[in-house]
Structures are given as C-alpha cells and as structure tokens.
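Worksheet: the structure to be examined is printed underneath.
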C-alpha cells in the first residue's frame with residue numbers, strides 16, 4: 001500500500017466538498033492508493049510473469065502475430081522462383097508475360113501487388129502475371145539489373161519485340177496501355 005501526501009493551497013479557506021470539510025487541518029490531507037500487480041495472460045519478458053510495470057494493463061491479442069513471409073494461395077498473381085520464371089520465358093506463349101520484382105518490406109510493392117491483382121482479373125486469360133521476391137532470389141534480381149522496387153518487366157509473346165521495363169509504382173492505366181498497345 002502506498003501513501004501519497006498532498007498539500008493544500010493556503011488561499012483555499014473554504015472546503016471544496018463535504019469530505020474535505022470533515023478534515024481537521026488542511027495539511028493533513030492524505031490520498032490512499034493501492035498498487036497491485038496485474039496478472040498478464042502472457043509474458044514476453046524473461047523476468048517472470050509480471051508485466052513491465054505494476055500500472056501497465058495487459059494487452060489482449062485479437063489474432064496471432066504473423067510468422068515469416070506469407071503468400072496466399074488464392075492470389076491470381078503467383079510467386080515464382082528464378083528457375084520457374086526462366087522456363088516460362090523460354091517456353092511458347094501466346095499472351096504477354098508481366099513479371100513483378102518485389103520485396104515484402106517495400107510499401108510501393110504492396111500497393112503495386114493490389115494493382116496487379118486487379119489487372120490479373122481484367123486480363124484473366126489474355127496475360128500472365130507473376131512475381132519474384134528479390135529477397136529470396138537476390139542473385140537473379142541482380143542479374144536482371146533490378147535497382148529499384150517495384151520493377152516490372154513486360155515481355156511480349158513475340159520474340160522479336162524487346163521487353164519493356166518500368167521501375168517504381170506506376171498507375172493501372174499505364175499498365176493497360178503497355179499491354180494493349182506495346183505487346
């Protein structure tokens with residue numbers, strides 16, 4: 001139990017409440033406060049099951065924290081390895097191939113992934129859209145001279161046409177124009 005002493009101001013001659021008026025001397029005002037440790041449902045500290053401070057309220061987890069990199073299986077834009085991508089580029093295709101070089105920690109890459117998902121819905125069977133994680137495929141990204149993220153490669157099914165490369169977040173309309181007019 002902790003006792004906290006509070007002094008009253010000398011200019012206050014009239015009591016503020018019936019409780020304060022029952023006190024004999026203004027300087028004898030004591031506020032009693034009990035401080036009890038709160039039991040936490042989990043603890044991340046190695047010092048035991050006590051929270052960081054006796055006044056700290058425990059947090060409740062709404063869902064488990066994410067563990068590692070996670071790519072959903074129901075995404076239309078599939079993650080490929082370097083070897084799978086090279087086989088796809090060398091194979092026969094009738095539709096353009098869009099390759100997204102991204103990183104999971106990159107904010108613009110996350111925004112680009114949303115736009116590419118919308119693009120994959122619109123060009124369902126008229127384009128193949130894949131992505132490559134530059135953290136997992138570092139050497140391949142270096143060989144492809146990926147300097148900024150996100151980097152997109154638009155590869156035409158016609159081998160005589162050069163690939164179109166973009167760096168940074170580009171609007172959805174620009175991707176439409178490249179696929180419709182340049183491929």
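Cβ atoms are placed via backbone N, Cα and C, with glycine included.
These figures come from a predicted structure and were not determined experimentally.
As recorded in Swiss-Prot, the features of this protein are as follows:
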- 106: active site, nucleophile (ACT_SITE)
- 109: active site, nucleophile (ACT_SITE)
- 106-109: disulfide bond (DISULFID)
- 82-183: domain 'Thioredoxin' (DOMAIN)
- 100: site 'Deprotonates C-terminal active site Cys' (SITE)
- 107: site 'Contributes to redox potential value' (SITE)
- 108: site 'Contributes to redox potential value' (SITE)
- 1-81: transit peptide (TRANSIT)
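Sequence features, as recorded in Swiss-Prot, placed on the structure.
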residue: 100; record: site 'Deprotonates C-terminal active site Cys'; Cβ neighbours (10 Å): 21
residue: 106; record: active site, nucleophile; Cβ neighbours (10 Å): 18
residue: 107; record: site 'Contributes to redox potential value'; Cβ neighbours (10 Å): 10
residue: 108; record: site 'Contributes to redox potential value'; Cβ neighbours (10 Å): 15
residue: 109; record: active site, nucleophile; Cβ neighbours (10 Å): 21
Self-check item: Distance from residue 109 (active site, nucleophile) back to residue 100 (site 'Deprotonates C-terminal active site Cys'), taken between C-alpha atoms, in Å
Solution: 9
Self-check item: Counts of helix, strand and coil residues, the domain 'Thioredoxin' (82-183), according to DSSP
Solution: 42 helix, 21 strand, 39 coil
Quiz item: If you average pLDDT over the domain 'Thioredoxin' (82-183), what do you get?
Solution: 95
